[in-house]
């Protein structure tokens, strides 16, 4: 992953208001950031931000009241040694939290080494939690996929397929039926957790839907605030096909999935043909997926009925064909 854009300046700009940060000294080191090896070897954002630690280099070091109190109780020789070790680690920046006064020697060494030094009245724990969440977001795996991302019945659904199949028209029909648009054409996905992928719309395309013959439609203006969504978790991919290929199955025995950022996402394939109500079919696919997530599999239930009927032809059970 390219980490060149992640530096002290960008992190300060994004978090200054939330964390009430003040840039005390070391402005010349605004380009300081994380090395590619540091990010690659980190198992989580917790490895990149934490309390004062002289063992792990190239991480954001936060000094709270406890660390400052410990520093004040040291001898002059130990203070100088600890400060030298801290600066030698070349952290992206240091944060003195809890409203504590930055030790003069720390300020002096940060100034000489161009190490950014921030201060904040917020507690060290709050600063660390906030920065870890921030780092997990900006360093999370990302991908941009083509399609229309819709909120259908509270489930994030990505409509995909070849150009000209009517994905945008289908999206418009679903929006008119009360569902919400997240993004059209290009959808930015990011894996923020071990079990979910979140999709958003690029700022340039916010609230817009392109329909052939009509051009760009501002969905928020036409249908109202409730017709758009800022983000949704991706739960289902609906692939539109012009005609079934050799691998198309009317009753697939195994659920289809698509790998998105390392996470398997459920997929259904719907054939586009004259006279088919695609909006109703997509809604039905979503409702069926919701049932499957709750442990209800209609096809499996039918196969169980069929097996019982074959084992005991005289048995009477709901749904038996006569």
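The backbone N, Cα and C atoms fix where each Cβ goes, glycine too.
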Practice item. Look up region 'Important for the catalytic mechanism of dephosphorylation' in Swiss-Prot and report which of 253-258, 259-264, 265-270, 271-276 it refers to. Key: 271-276
Check your understanding: Counting other Cβ atoms within 10 Å of each Cβ, which of the recorded positions 162, 185, 210 scores lowest?
Key -> 162
Point to revise | Cβ-centroid neighbourhood (8 Å) of the ATP site, 161, 162, 163, 164, 165, 166, 167, 168 excluded | key: 240, 272
Practice item. Give me the Cα-Cα distance between residue 210 (Mg(2+) binding site) and residue 168 (ATP binding site), rounded to a whole Å. Key: 7
Review point. Which residues in the same chain, at least 6 apart in sequence, have a Cβ under 8 Å from the Cβ of residue 146 (active site)?
Key: 160, 185, 186, 187
